[in-house]
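The transmembrane segment annotation in Swiss-Prot covers 17-37, 54-74, 84-104, 107-127, 138-158, 161-181, 203-223, and the record cites sequence analysis as its basis.
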Amino acid sequence: MIDLTQEKQEILIKNKFLAKVFGLMSIGLLISAVFAYATSENQTIKAIIFSNSMSFMAMILIQFGLVYAISGALNKISSNTATALFLLYSALTGVTLSSIFMIYTQGSIVFTFGITAGTFLGMSVYGYTTTTDLTKMGSYLIMGLWGIIIASLVNMFFRSSGLNFLISILGVVIFTGLTAYDVQNISKMDKMLQDDTEIKNRMAVVASLKLYLDFINLFLYLLRFLGQRRND
């Protein structure tokens, strides 16, 4: 009876941690969606960002800096600061993602977002419930991720449609798998953390960022297949 009660308590603690992670991730996605749409409707902001390559690159560099601050320098900042940086990152990502409204129809963007949400939810449930250890699969997926990053950089020069198609397929597969892998790791994270609320809150922000990036990248790769271009 004592063991059963302890097990239930551990499950409740784990679920509370996961709820915090998914809640913060969802807020980040909502902020990104709002900023993406608002930016796409503001001609002045679009002109400032997308007509000047320096402005756009500056935003990208700031985003990389925020990711480092949230994850790499986590021990140097408070959980509240980390949360604020994550929300700022979500807003900036929304601004840079506003370009998709110039390329694809609004209907196809909404449709792809729905497909992404369904896929993400399914893989999250799988990652949480499966008894299979996904560590080995995760290692291959991370290697594959580096592979498509390198291939994407190479294709910036060669502009091969065949390679671009292959990268898109691999991107969908990799981020679908990474969603399950990350959720499984996050579901185990609470056991490894000390009974320190501040540390748990910091790690919840990092976990939210991981899942946020999985979702955004899966969405962008699916959009390559499901998005209807405005000039079609």
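Yeah, the Cβs are placed from backbone N, Cα and C, and that goes for glycine too.
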Stretch with greatest number of CB pairs under 8 Å, the transmembrane segment (161-181) reference, 17-37, 84-104, 107-127, 203-223 candidates: 203-223
Beyond the flanks of the transmembrane segment (138-158) by 6 or more, those residues with Cβ under 8 Å of it: 164, 166-167, 170-171, 173-174, 177-178, 181-182, 185
Residue numbers, six or more beyond the limits of the transmembrane segment (203-223), whose CB comes under 8 Å of its CB atoms: 17, 20-22, 24-25, 28-29, 32, 67, 70-71, 74, 79, 82-83, 86, 89-90, 93, 97, 100, 104, 108-109, 112-113, 115-116, 119-120, 124, 168, 171-172, 175-176, 178-179, 182-183, 186, 189, 193
